[in-house]
Amino acid sequence: MVDTKNPGDKTLSVSPSKTLTLKRGVEQGTVRQSFSHGRTKQVVVEKRGKRRVGGDGPADAPAAPAPVAAAKPAPVRAPMSRPPQSSHRGGGSGVVLRTLTEDERTARASALADARIRDEEERKAAEAELARRNSKEGIEQAEREAAEARKKAEEERHRQDEEAKRKAELEAKKRFGEEEAKKAAAAAPAKTTAATTATAAKPGAPARAPGVAADATDEDEGPRQIRRGPGGAARPVVAPKPTAKPAPAKQRGRLTLVTALSADDVRERSIASFRRRTQRLKGHQSNEPKEKLVREVIIPEAITIQELANRMAERAVDVIRMLMKQGQMVKITDVIDADTAQLIAEELGHSVKRVAASDVEEGLFDIVDDATDTEPRSPVVTVMGHVDHGKTSLLDALRHANVVSGEAGGITQHIGAYQVTSPESGKKITFIDTPGHAAFTAMRARGAKVTDIVVLVVAADDGVMPQTIEAINHAKAAKVPVIVAINKIDKQDAKPERVRTELLQYGIQVESLGGDVVDVEVSAKNKTNLDKLLEMIALQAELLDLKTNTERPAEGTVIEAKLDRGRGPVATVLVQRGTLRVGDIIVAGAEMGRVRALISDQGVTLTEAGPSVPVEVLGFNGPPEAGDRMAVVDSEARARQVTSYRAHQKREKSASAVSGLRGSLEQMMSQLKTTGRKDFPLIIKADVAGSLEAILGSLEKLGTDEVTARILHAGVGGISESDVTLAEGFNAAIIGFNVRAHKEAAAAAKRNGIEIRYYNIIYDLVDDVKKAMSGLLAPTLRETMLGNALILEVFNISKVGKVAGCRVTDGSVERGANVRLIRDNVVVHEGKLSTLKRFKDEVKEVQSGQECGMAFENYGDMRAGDIIECYRVETIQRSL
């Protein structure tokens with residue numbers, strides 16, 4: 001702006017009414033600096049305004065040495081020591097700075113207030129940021145930000161490295177130029193001085209006032225405007241670039257939240273260095289001798305080399321090397337026996353514990369009870385004897401029941417268990433009824449094993465019979481006392497004394513003959529002396545002192561088992577020790593289950609069954625075999641272990657038996673060629689396991705060298721469609737004992753022509769199978785001699801052929817009979833007579849002494865003097 005009143009005055013003014021005055025050169029204020037991670041700091045800031053120096057063009061000449069003064073920082077604070085009245089000097093000096101107007105002061109105060117408010121907000125935001133970082137979400141956010149910061153720092157480091165590399169190249173070029181300059185300076189020192197001065201202060205640099213610092217406007221961004229006098233053009237001067245800062249040290253160690261928030265940049269050990277140190281320490285430790293670890297190695301009956309090495313924590317190569325020293329060439333997967341494994345383990349310094357697969361059954365049975373916890377129990381009495389000697393009738397009389405009428409054919413074919421209460425003592429007695437037939441030997445043996453007392457029933461009119469002797473042997477094998485009950489004394493031909501005498505031959509000496517065996521004469525029909533029999537049983541039980549613990553887990557024996565279509569597998573169990581309760585987990589043979597229901601012999605549902613109580617148990621997975629021992633286990637896992645072991649043993653046993661019987665294919669074919677043995681295929685289904693066992697035993701006895709009964713499948717339960725399919729494949733017959741075929745199975749059998757036979761008496765079944773097997777036997781051929789004839793002359797007839805004229809020398813000759821042609825006592829032909837004529841008539845028979853003509857079928861080599869022997873062959877059917 002130009003003042004029209006004073007054209008020569010260069011003083012700036014805002015309005016014509018006011019003159020500009022020079023304000024104090026230094027202004028003080030406070031500024032709050034913000035650092036990373038929420039740190040702030042309040043500092044005092046001094047601001048120096050720019051001084052404008054007016055005048056003509058020549059006035060700039062004295063200001064030329066200003067750069068030399070600008071390099072000294074001492075005169076920076078010189079204006080502060082000036083008195084305030086220096087600003088009121090006359091305008092003759094020509095230098096007057098403008099003062100701020102009221103609007104500018106207001107705007108400046110408002111800007112400072114806004115800056116303070118902004119600083120306060122930034123401080124609060126930093127505190128909130130710090131609190132957020134301390135929280136869980138803040139920590140995660142901080143980790144992400146730290147990762148971004150690491151990325152940016154890495155990029156910045158790369159950029160600075162590139163910048164440093166570029167500057168190093170420039171510096172090298174500069175040094176090369178300085179060396180050239182030094183060479184030139186040796187020739188022209190004045191020129192070098194001028195060059196140095198020109199380098200320190202470029203020509204045309206702005207003149208600075210003595211009181212203004214050289215870096216007063218270093219913070220200003222952008223080019224500075226410098227006046228060069230009236231009429232001088234202002235040109236921008238670019239600020240010198242700051243020198244490159246050294247690249248920050250490489251971040252070492254893992255960057256965590258703590259290191260990211262820490263203010264100090266601490267140099268730490270790198271992760272790679274730490275890992276190298278750890279590896280060195282491990283290497284030193286591996287060189288040290290290790291202490292041998294002695295382990296307890298569990299060795300089963302058979303074990304692989306790999307498994308043995310794993311259990312010993314040894315290398316399998318070492319185990320193989322030891323075996324090779326013993327002369328055994330083995331692989332890592334080979335199986336060795338327990339003795340070899342024990343030798344290897346002991347040689348390597350380990351202790352050995354031998355186990356067997358049968359160890360799973362340890363603690364299952366025969367647990368010794370404490371004598372203080374035992375209580376008296378009821379005796380178990382087994383009634384044994386020959387068939388039709390009145391065993392079941394005697395039990396019916398004791399139980400006041402009628403079981404005999406329910407048995408097919410009036411004979412007992414099932415083993416039964418019942419409880420009877422003694423009328424005098426009120427104590428219960430458990431009776432087991434066994435079949436007396438020869439087929440039920442296994443049932444009688446089972447009854448003898450679980451019993452305490454054996455009642456041997458002998459008919460007074462029949463005496464000792466084969467099954468009576470067998471029952472005596474079972475009782476002796478079980479080492480149980482015997483009470484002889486001589487039944488049917490009501491008959492007229494009863495001879496009790498003969499029975500007592502016959503028993504002496506088999507080691508049974510009754511008390512009346514000086515022995516210790518009790519005998520009672522009873523009559524089941526008239527109920528004679530039944531109370532005396534019960535009294536003798538109770539007395540014998542007192543002598544045995546039968547006691548057991550009722551609170552222990554139950555043990556027992558499966559008397560009988562069957563597969564009921566409505567109830568599933570049902571087992572008749574005699575509890576021998578402990579108490580069996582509903583819900584117990586039980587194991588019997590290869591079958592397991594949980595007790596769902598307990599049913600007494602009277603059909604009453606029970607919640608528990610104590611010792612000597614026979615019950616039907618529902619809940620098995622499958623029907624167990626009769627005679628299996630039953631036990632209660634603590635868990636299903638233990639039950640599965642026991643049953644899997646028993647099933648494995650059962651499979652191995654059956655496989656070995658089958659392989660032993662079958663042999664090789666060549667042996668079987670040669671046997672068929674030599675013996676011509678035939679099989680009679682059968683599928684047998686029975687109601688209970690005991691009956692099935694008796695049937696199989698009886699059929700095995702029917703086999704001979706020529707024919708045998710081949711049992712394709714035998715099981716408990718009804719006849720199913722799978723049985724019919726199996727029978728169709730092998731052309732077998734199906735036999736059902738006290739069972740029936742399902743509706744679908746019966747229809748399939750009728751459609752495919754499969755024969756199904758039903759039986760309820762075991763002897764009828766055995767007899768029919770015996771007849772059918774007899775039909776497979778080759779019949780017996782028997783020759784009957786008829787007579788001999790001598791050939792007198794041989795005639796050749798064109799229509800008939802050669803005809804021999806003969807005389808019957810012995811017996812008779814019949815047409816159609818078998819003949820032999822004997823020449824010189826050698827049979828040269830066997831065949832049949834085709835023609836027998838006497839004179840010209842065909843006759844059926846020619847008697848001795850008569851002449852006749854005979855011709856053979858398909859044979860004509862006959863000569864005079866040959867003898868014709870005539871005989872008849874009879875076929876006789878064989879039977880087993």
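Every residue gets a Cβ built from N, Cα and C, even glycine.
Feature annotation from Swiss-Prot assigns region 'Disordered' to 1-251. The compositional bias 'Low complexity' annotation in Swiss-Prot covers 58-79, 184-215, 233-250. Marked as compositional bias 'Basic and acidic residues' by Swiss-Prot: 115-183. The domain 'tr-type G' annotation in Swiss-Prot covers 376-547. The region 'G1' annotation in Swiss-Prot covers 385-392 and is backed by similarity to another entry. The GTP binding site annotation in Swiss-Prot covers 385-392, 433-437, 487-490. The region 'G2' feature in Swiss-Prot is assigned to 410-414. If you look up Swiss-Prot, you'll see 433-436 marked as region 'G3'. Residues annotated as region 'G4' in Swiss-Prot: 487-490.
If you draw a 10 Å sphere around the CB of GLY385 (GTP binding site), it holds 29 other CB atoms from the protein chains shown. In the predicted structure, the region 'G2' (410-414) carries a mean pLDDT of 54. Under DSSP, the residues of the region 'G4' (487-490) split into helix, strand and coil as follows: 0 helix, 1 strand, 3 coil. Within 10 Å of the Cβ of THR434 (GTP binding site) there are 30 other Cβ atoms, across all protein chains.
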